[in-house]
Amino acid sequence: MSAEREIPAEDSIKVVCRFRPLNDSEEKAGSKFVVKFPNSAEENCISIAGKVYLFDKVFKPNASQEKVYNEAAKSIVTDVLAGYNGTIFAYGQTSSGKTHTMEGVIGDSVKQGIIPRIVNDIFNHIYTMEVNLEFHIKVSYYEIYMDKIRDLLDVSKINLSVHEDKNRVPYVKGATERFVSSPEDVFEVIEEGKSNRHIAVTNMNEHSSRSHSVFLINVKQENLENQKKLSGKLYLVDLAGSEKVSKTGAEGTVLDEAKNINKSLSALGNVISALADGNKTHIPYRDSKLTRILQESLGGNARTTIVICCSPASFNESETKSTLEFGRRAKTVKNVVCVNEELTAEEWKRRYEKEKEKNARLKGKVEKLELELARWRAGETVKAEEQINMEDLMEASTPNLEVEAPQAANAAAAAAAANRTAIANMSASVAADERARLATECERLYQQLDDKDEEINQQSQYAEQLKEQVMEQEELIANARREYEALQSEMARIQQENESAKEEVKEVLQALEELAVNYDQKSQEIDNKNKDIDALNEEVQQKQTLLNTTSTELQQLKDMSTHQKKRITEMLTNLLRDLGEVGQAIAPGDSAIDLKMSALAGTDSSKVEEDFTMARLYISKMKTEAKNIAQRCANMESLQVDSNKKISEYEKDLGEYRLLISQHEARMKSLQESMREAENKKRTLEEQIDSLREECAKLKAAEHVSAVNAEEKQRAEELRSMFDSQMDELREAHTKQVSELRDEIVAKQHEMNEMKDVHQKLLLAHQQMTVDYEKVKQEEAEKSNKLQDIIMTNERREQARKDLKGLEDTVAKELQTLHNLRKLFVQDLQQRIRKNVVNEESEEDGGSLAQKQKISFLENNLDQLTKVHKQLVRDNADLRCELPKLEKRLRTTMERVKALETALKEAKEGAMRDRKRYQYEVDRIKEAVRQKHLGRRGPQAQIAKPIRAGQGAIAIRGGGAVGGGPITPPTSSVNS
């Protein structure tokens, strides 16, 4: 391309320094301007505390955005369009003007920063280039927040990873890429990304960036005539500023953000120091994701410009010195830049021909040197004029390159054995028929070279296909490995759950053992009571004689006792029936009362009181459970009512505070407008004073010229007196107006301070409301967690019951199988014993020793199997005894869990209704913003929009085009 400029292979990082003016807070605090700018035409040095720093360019506080762009970044546009990589990033402490330098005010021709200006320049250069060039431009926008890469164009991608391509160049995998065809498309992408970027308020900056943002522009161009392809990447990085917590007052989340920001900037400083040292073999790029992304920009294949932004205030002197030291070290770093070019087949062929010619030339040189060496070895002294001069040999071999190249390629072996006579004959003239033969041979050799080139191209294409297949297979293997790891983790999780289930079963068995011990103790107590009753019966027998004297009364008492026993039996029966109904209502499935009622008819009178006591105990237990449930429900209802009242109060207060904030903001705007009007009036009066001063100077000059003439003096005196009187009147009026304006400005300033105080109070109240709302949300989350815990406990117990049932079935099956095997084994053993008896009758008395050992072995196996069978029978009996107890306890637990689940579900539904009212407004705002961005892009896929150079701005939307000149139709490549 004609505008392409040469860049050396080794290029130093360009470092420019920019100082901002003192801000209002620094002026109020009395900070001094500690930076000095030595008088230099080049404006490339700075002095602070007696130390001088040299950079490529130094911008004073009054430097405009346009000047900064022209000096620091404008030259990189042509480099990117010429196929080079470029990087521009701003470095400095917080509130030093980095975001203002990189972005500024997009759309304002004066205040816009480097990014919007460089975007406009890229498209303007494209529109002025050759018509046969076609460009494809795509952009991506992401940030590094809390050491995680977050896509600003797709907020669902919150932790992207950094990978390397086949050339070992790092890139962010999975970042969203948008094809653009005009500056407006780029600005829409930037605005969408800025709306998703993290910012916060600190003591030093009201709009402090809390992340490093990276805006990547990827430009690919193709020459439609010779199919030459170039590509260039431009990284535009806005770094977050380094912070001192003592100055920014960061706390909470803002403090964590500051820690991560300082950590990544420290890693960047370590990389710069290692590169500047030059002796270190290891560069710590992998210490941070920021340095990993900028690896090619720091010591790699990129033309890098660093804009270090500094504060001139004495309050920030130490931070400013640290920033200047960083820039000084970065200036010593060297990058090795080269063009990112995709060579065509013709270019590869030309390179091949060039290398082949060079090879032939070198072979000829070697042949002549070998001849001269042979002469020296033969003892012949070669004269100085006959010795081969390397420079003359190279110049002489260049004109005959076309003839020497095929000869050297075809007869390399014969040339090594040539002698001095052959070399002399080569310089003689060639006959006509020899020339024709050589020309035919050259044509044949060129044809063979063309065939070989075609074969090489086919082999390279086949190798590329094989490489793609290998990459696909590697990707499939990687996916299989990931699936295997996922299955392994799932298996480990299932094993952990199995272990936890086993632990729960052990706990249940332990509880059952405790219940058995308690039962034994109660049985012992009952035995003791029975013994006491026996003793009492003996005493009754001893006093039987006393009862005989009162036989009549005893008979009456017996009749009355029988009648009362019948009544008590009926009452107890009714009571137990009612208890059974209540128990079925409270704890359905509990059959303890029904069993007692069925057994009541068969009990004697001595057990009535005992059953009555057990009934009373059961009633008290049910009352206690009912009271507990009622009390919990009442507590849940009271908590829900209180929460509803608090939420309604918070909503009212929040609405009032929002209204007050909007009113105060309107008043502040009106005050600012009145201050602007007062400033305009002041400027008008100052202009009038300047004009009057100019007239006074003119009159004084006229008075000096006409001083000779007396009449003119008298007139001048009259004019002077008139002019002085007019000046006095104007001076008095001006002084009066200035004093009035100053009083008005003081009043407005006082009123603005009051409004700021009120605004700050309202902000604090709003933050308190937000904290209270978060507390309510946390309480609701705790309730939800408790409900989930209860549900999980219920599921685990149900799973334990199922596992016990499955274990019982398995044991029964194993026992049946073992029984069948035992029968078969006994039958087989009996048959073998019969055969052995028959054989023993026919054999000698001693018999066969092997058969005896076999019989003893089978007998031992039979004994072992019998023991195993008995042990399994005992285990099965124990499990059958424990199973009813476990089922009963499980039923009780399930009923209790269901009751608690119902109560918690009602409380949760009430809390969720209140929570949804608060979430509705936030969701509505988010959905409106998302729909706005989707409306800009449309739901269709992102289609690559080629840009033809030399045709001016062409608007392309959805594959269509409006504008003059031919337009290349959009390609079919779709952004993934």
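Glycine is no exception: its Cβ is also placed from the backbone N, Cα and C atoms.
Annotated ATP binding site per TrEMBL: GLY92, GLN93, THR94, SER95, SER96, GLY97, LYS98, THR99, in sequence order. In the three-state DSSP assignment, the secondary structure recorded for GLY92 (ATP binding site) is strand.
According to TrEMBL, the feature coiled coil maps to 338-379 (among others). Computed over the coiled coil (338-379), the whole-number mean pLDDT of the model equals 83.
Taken from TrEMBL, the feature coiled coil applies to 435-553 (among others).
Under the heading coiled coil, TrEMBL lists 647-758 (among others).
The coiled coil annotation in TrEMBL covers 790-824 (among others).
Under the heading coiled coil, TrEMBL lists 855-910 (among others).
Among the features that TrEMBL reports, domain 'Kinesin motor' is placed at 12-333.
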Surrounding CB atoms that lie within 10 Å of the CB of SER96 (ATP binding site), all protein chains: 27
Go through GLY92, GLY97, the listed binding-site residues, and name the one with the sparsest Cβ surroundings, counting other Cβ atoms within 10 Å. GLY97
Simplified to three states, DSSP reports LYS98 (ATP binding site) as helix
